[in-house]
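Report on the structure given below.
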Amino acid sequence: MSIGPLDSDAVESYREAGAILVETMNEAREMIEPGVTQLEVAEYAEDAIREAGAGLAFPVNISVDEAASHATPARDDDTEFGEEMICLDIGVHVDGYIADAAVTVDYTGSDDLVEASETALEAAVEAVAPGVPAGEVGGAIENAIESYGYTPILNLTGHGVERYDAHTGPSIPNRAVDRSVELEVGDVLAIEPFATDGRGKVGEGATEEIYEQVGDGSVRDRRARQVMDELEAFDDLPFAARWLDSSRSEMALRTLKNAEIVKGYPVLKEADGQLISQAEHTMIVTEDGCEVTTAGIHDFD
Ligand code: CO
């Protein structure tokens, strides 16, 4: 069955991507515990998605404590999970149709911070319907998070997804701002409330392990050209530095960045170094509300 401008193949692919994501997420989150390495979990999930016949919409994000997003293990990374707050954010695509969802696994004892972003996501899902301004969804998120005494992250927003594009409009704020854009039937939204006990802003950290091809220029350097060939497999979607062939790719990536063929995504961190929790679902806006394609990973599902 088609939904608005989405034909039935597109709808089925969105659902399949969601189902693969849910299964992978629920296995990967169970692996997370102190002493296990981040790389084991990331590679387990990425392999499971590929084995299911789907693609990665972006590298598995594992963002710890004050990190909100864009963190993924480096090549040969031996960082182990500790008594931390861990946001696990996974993106799957089937034929380019994307599911994007996140859960928070907490070993810090801050259950209510995790609950705040979960409750906010539930409120957002309830608020989504055609004709609803994006800012109204943001207001529902803000109210839910503030009812726990926490602050939503202002400069991180939910977003639309389109075929082979993990980040498009409309942007779904985590506060009651930007009221003008109205949701439409067939919009596919990744809504992701972030809650913190800090000020509610993220800034860029120093680490950068996720990249995306943004241009097609030419470079002289042979190794950089080899890396460019490798990039074709990623369909212009974000990729991890560790997915590239060898460790020498680090310099090639710098060359491609300077040539504006590739851009990097630095890790985003809470400005005060405070804990951040995240909850995310992907949903298709329908005539009478929305269909969550990633249902089955949050308590309220
Ligand atoms: Co996500």
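Every residue gets a Cβ built from N, Cα and C, even glycine.
Automatic prediction, not curation, is the source of TrEMBL annotations.
Binding of divalent metal cation 1 is attributed by TrEMBL to D100, E280, and the same site annotation extends, among D89, D111, D272, to D89. Annotated divalent metal cation 2 binding in TrEMBL involves D100, H159, E280 plus, out of the candidates E126, E192, E250, the residue E192.
E280 are the binding-site residues among H70, H167, E280 whose C-beta comes within less than 6 Å of an atom of ligand 1, given in sequence order. For D100 (divalent metal cation 1 binding site), the number of other Cβ atoms no farther than 10 Å from its own Cβ, over all displayed protein chains, is 30.
There are 19 other Cβ atoms within 10 Å of the Cβ belonging to H159 (divalent metal cation 2 binding site). For H70 (substrate binding site), other Cβ atoms within 10 Å of its Cβ number 24.
Here the candidates are the binding-site residues H159, H167, E192, and by Cα distance the one nearest E280 (divalent metal cation 1 binding site) turns out to be E192.
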